[in-house]
């Protein structure tokens with residue numbers, strides 16, 4: 001008799017409902033220190049969380065406050081203050097440098113047929129002191145609240161707020177539009193330009209009279225004929241409403257908004273902040289000529305750091321203009337700016353360099369270079385590996401050895417109080433750890449080497465109080481605090497748990513390290529290895545062999561870290577073992593590993609996953625007759641490859657927005673460079689592949705093996721996917737249907753590549769679970 005897993009639809013629904021309620025932790029902000037009458041010190045900690053509300057089919061944001069009593073060297077006491085409360089309509093919020101004020105960008109539904117409005121609010125400790133209707137001011141389009149361009153930055157004098165918005169477009173009308181009579185027309189109706197705003201001086205509460213290059217920008221009231229259907233490029237996946245960003249400033253005292261002039265026309269500005277002395281604005285500028293490429297998860301786009309001087313409108317380049325830079329952060333003493341950098345184009349995510357620009361000497365230095373390989377030696381892994389997993393290679397990484405920087409952004413506040421050290425988190429093989437970096441010596445020290453293994457990330461550091469979140473595959477996110485020890489003592493950091501989360505029962509997990517056989521070694525990068533995280537049901541009869549679900553990640557240059565993930569946890573609780581494979585090319589293993597994959601997709605990554613599956617089936621009590629594949633994007637590419645290359649191994653498959661034909665994707669995606677780079681071909685904006693290159697792209701695609709696929713396939717496609725257009729999945733669907741393979745397709749309107757809408761995510765899980773149960777004979 002085949003062992004049973006949880007198979008009733010009602011039970012699976014209840015399991016998903018239970019696990020999806022675990023909230024995620026998004027932001028944290030420390031308030032100013034307060035000294036008690038007895039001489040003790042405490043500060044408040046404001047945190048924001050998000051939770052899926054299945055009944056409302058939306059993510060709900062809520063906040064919670066805590067108190068942290070500390071003596072400057074350690075946390076004396078900490079605990080929650082009050083209960084949670086839901087946050088309504090907040091898009092962005094930011095505390096002022098002194099902590100006395102808070103700025104909030106809020107969306108408010110329009111009345112009757114009015115469109116949604118955006119308000120910029122300023123709060124003090126007791127009340128709302130300003131509420132500016134940005135939509136009514138009509139100086140620009142919607143304010144950006146994304147983490148790619150968006151910002152809400154206080155001037156150091158706390159008199160102005162800086163943000164990024166879509167440039168206002170001139171009105172356009174048909175050539176045949178009826179003209180209204182011209183009696184009593186206003187300046188605006190007649191198309192005369194608006195009066196310029198008074199020049200802006202940020203150091204004083206009110207606009208001054210000298211210099212300044214702030215004014216009406218963009219639309220001058222003229223109506224353009226025959227322009228209403230002109231195509232406007234955008235920045236791709238999840239950024240389809242972002243075309244021409246502009247930098248804007250609110251003068252809080254005067255309640256007036258100005259749009260910054262001086263940004264070169266060929267750049268899209270974002271990630272901006274006020275320069276030392278409030279003399280101007282520092283920003284990242286992305287080149288959008290000759291055309292825009294998708295930016296989401298693509299840190300390789302040509303960009304640089306710029307400074308616009310408010311008094312003269314001069315725009316100055318602060319970094320090299322041939323690289324890709326992002327995430328600039330100003331030190332507390334306002335002397336240095338650190339930022340991340342790597343080469344333009346190539347793999348979308350790589351091992352980054354940490355660079356530092358000195359504001360006063362104008363000197364740029366490299367704090368940390370990219371790391372080719374992580375340090376290795378005869379060391380065992382650190383404790384707490386969880387479950388029964390083991391390391392299969394003879395050597396292991398040096399605990400605390402710095403693997404290089406692999407992160408989408410530095411923490412918003414990342415500097416220590418000494419303006420010399422900074423704190424960041426990064427993937428370290430299959431986990432995520434926190435490191436402190438000395439910007440003078442370039443030394444790195446792990447702050448989590450002695451802590452439990454899992455996924456750590458920094459939320460904020462302020463006055464050396466460090467706030468982080470921690471999770472594992474069996475533990476939802478928890479909130480941790482520590483005081484950063486003095487220079488040279490960092491390894492003594494002691495983490496205190498501020499908000500715990502209950503362990504999810506029934507899941508054991510471990511990390512395995514594998515090395516490919518000699519015939520599968522990369523000739524240029526010999527000796528690379530890779531990891532996999534195995535989740536196993538820890539409850540039920542010991543003799544029972546669970547079915548196995550294999551999940552390779554997307555990217556391909558991303559990584560599974562040993563943190564909380566809803567789908568794997570829910571599948572494991574249902575009774576499936578889940579194998580998360582970090583094949584060669586994943587982040588966190590050194591730049592050599594990243595560089596080994598382009599040109600070898602469809603072979604090296606596929607063989608790594610298959611090797612891992614075969615090894616786990618040999619060494620673990622798993623049911624080799626019930627193995628399934630689940631993957632999205634490049635993970636879907638690998639799943640479809642494995643179905644065709646190893647048809648005897650797999651018995652069911654579920655793929656989300658999979659890449660199935662690189663040759664047909666290259667002309668439709670927002671990342672055409674990916675198609676060529678990962679195939680091993682050169683990319684330039686004027687690239688037109690020749691027949692040999694089209695052939696190479698097709699040969700590296702899963703469609704090459706579609707004739708050999710036998711396992712039933714469930715496809716999930718996002719109608720608004722710009723990254724892997726849904727035509728890719730439809731192409732595979734038709735090919736499978738024509739060959740008589742059992743196939744089902746789910747089509748999700750209003751969802752893009754991630755299928756992250758609460759309703760689509762929940763429906764996707766249920767359909768995936770029931771498909772696996774049906775076709776693995778559970």
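A Cβ is built for glycine as well, from the same backbone N, Cα and C atoms used for every other residue.
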Message: Need the matching range: TrEMBL marks region 'Disordered' on one of 148-174, 175-201, 202-228, 229-255, and I'd like to know which.
response: 175-201
- request: Could you put numbers on the helix, strand and coil content of the domain 'Acylamino-acid-releasing enzyme N-terminal' (231-311), residue by residue per DSSP?
  value: 3 helix, 35 strand, 43 coil
DSSP-assigned states of the domain 'Acylamino-acid-releasing enzyme N-terminal' (47-191) in counts, ordered helix, strand, coil: 4 helix, 72 strand, 69 coil
